[in-house]
Amino acid sequence: MTTLATLIFLVTLLFVLWQPKGLDIGITALTGAFIAVITGVVSFSDVFEVTGIVWNATLTFVSVILISLILDKVGLFEWSAIHMLHASKGNGLKMFAYIILLGAIVAAFFANDGAALILTPIVLAMVKNIGFSKRAIFPFIIASGFIADTTSLPLIVSNLVNIISADYFHIGFIRYFSRMIIPNLFSLLASIIVLWLYFRKAIPKTFDDNNIKHPKDAINDLKLFKISWIVLVILLFGYLISEFTKIPVSIFTGIIAFIFLMLARKSNALNIKQVIKGAPWNIVLFSIGMYIVVFGLRNAGITLILAKILEYISNYGLFSTILGMGFISAFLSSIMNNMPTVLIDAIAIGQSNVHGMLKEGLIYANVIGSDLGPKITPIGSLATLLWLHVLTQKDVKISWGTYFKTGIIITIPVLFITLIGLYLTLIIF
C-alpha cells in the first residue's frame, strides 16, 4: 500500500506540473483521487473528510480572486501603481521600493496569485513606457513576482496555503494575524534589502517621470472605482466578523464577490462573463483531488515518518523547531509544489507528539516555508508557472536556470529572517 500510495502521488504531481497538452490541473488531481479511491488507498469517508477540510479554503480563495479581477478591470491597481511612480519623483531606487510595497499590500488583501498575475503586467508596461532597458526591467519583474509570495503571510486570505493550514488547525482570523504580522514585516524588510542588494547595479538611479500619465487616467469606471473602496472596507469587516461568529469566511467573501459582480454587470469597463471565467475554479477541484491523494500517503503511514522527524527536531527547542520546519517545508515546496507540501506537513504536525508553543511554531513555520519556498524553483507553485507563461507571452523570457539562480540566492536569507520574526513573536507575545 505504501508503494502504491507513493506512486499515485508522484504520478499525479508529475502530470500537475507537466500539464501535457494543456491538461487541466483539476482534472489531473481528481483522476489521481479517483485511482486512490478505487485501489483502496483512501476510503469514501476520507473523501468526505477532505471535502469538509478544503471547501472553505478554496471558495474563499476563488472569491477573493474574483474581487481582485474586478478591481483590476476598474483600474484600481494601475491607479495605485501610477501613484507609486509619481511618489518616486524620478528616483529609480525609490520606485523599486515603492513597487515592492504596493505588491506587499496587494498580496496581503488579494492573495499572492492576484498580486503576481495582476500587478506584474502593470509594472512591466510602466517600466517599458518609461524607457527602461531589458536589464533594468528584469529587477522590477522579479521583485513583483517575488514579493507576492514573500509577503503573503499576514492574513489568512493572503495565500491558499494560509487558508488550508488555518482551517486544518482551526485558527481564527485575529489569532492568525497576531502571529504572522511581525514575520510578514520581517519578510517585507528583508525582501526589500535582499532584492536591492542583488539588483542594485541594474536598477536605474533616475528616470524621466514627465511622461507618466495621471492616476485618474487609469480609472476605467469612476462610479465602480468609488464603490471598490466600500467593498474593501466591507471585506475587511467580513474577515473580522467571521472570527467572532464562527461563520466560514467563504460565506462572507462569496456574498461580497456576488454583490460586486452584480454592481459591475452594467459597467463598460469589464465583461462579467470573462471575469467569472477568469477565476481559478479549477483550484477547487485541484485542492480536493490533491488532498485526497495526500490522504493516501497518510493512510500508508508515510506522514508518520515526517511526524517523527518533527518530534526529533522539537527536542532541541523552539528556535530549532521553527528553523527546521521552515526549511523542510521550503525545500519540499521547491521540489514538489507548495500545495501538497502544506497538506503533508499539516497532517504530520497533527500526528506528531508535539504540543504547546512548539506545535504552534511548527504550524506557522510550515506556512512560512510553504509560502516562501516556492520562489526557489519555477515548479514551487502553480502561480509561478503561470506567471512565467504570462511573461513569455509579453516577450519577457526567463529561463528556469536563471529563475533558479536568482530564486535560491534571494529566498534563503529572506526565509531565515522571516523565521526569526516568527521566533521573536512566539517568545515575546
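Numbers here mean position along the shown chain, with the first residue as 1.
Cβ atoms are placed via backbone N, Cα and C, with glycine included.
What Swiss-Prot says about this one:
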- 3-23: transmembrane segment (TRANSMEM)
- 25-45: transmembrane segment (TRANSMEM)
- 50-70: transmembrane segment (TRANSMEM)
- 99-119: transmembrane segment (TRANSMEM)
- 137-157: transmembrane segment (TRANSMEM)
- 180-200: transmembrane segment (TRANSMEM)
- 222-242: transmembrane segment (TRANSMEM)
- 244-264: transmembrane segment (TRANSMEM)
- 275-295: transmembrane segment (TRANSMEM)
- 316-336: transmembrane segment (TRANSMEM)
- 372-392: transmembrane segment (TRANSMEM)
- 408-428: transmembrane segment (TRANSMEM)
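For the transmembrane segment (137-157), the list of distant contacts is 60-61, 64, 96, 99-100, 103-104, 106-109, 111-113, 115-116, 119-120, 123-124, 127-128, 163, 166, 171, 173, 176-177, 180-181, 183-184, 187-188, 190-191, 195, 198-199, 202-203, 239, 249, 253, 367-368, 371-372, 374-375, 381, 383-384, 387, 391, 396, 398, 406-407, 410-411, 414, 418: same-chain residues at least six beyond its ends, Cβ to Cβ under 8 Å. Against the transmembrane segment (50-70), stretch 244-264 shows more Cβ pairs under 8 Å than any other of 3-23, 222-242, 244-264, 372-392, 408-428. Cβ atoms under 8 Å from those of the transmembrane segment (275-295) belong to residues 8-9, 12, 16, 24-33, 36-37, 42, 46-47, 49-51, 53-55, 57-59, 61-62, 65-66, 69-70, 73, 113, 160, 164, 261, 264, 339-340, 343-344, 347, 382 of the same chain, restricted to positions at least 6 beyond its ends.
Beyond the ends of the transmembrane segment (3-23), by six or more residues, the same chain brings 29, 31-32, 35-36, 39, 41, 286, 289-290, 293-294, 296-297, 299-300, 302, 336-337, 340, 379, 382, 385 to within a C-beta distance below 8 angstroms of the stretch.
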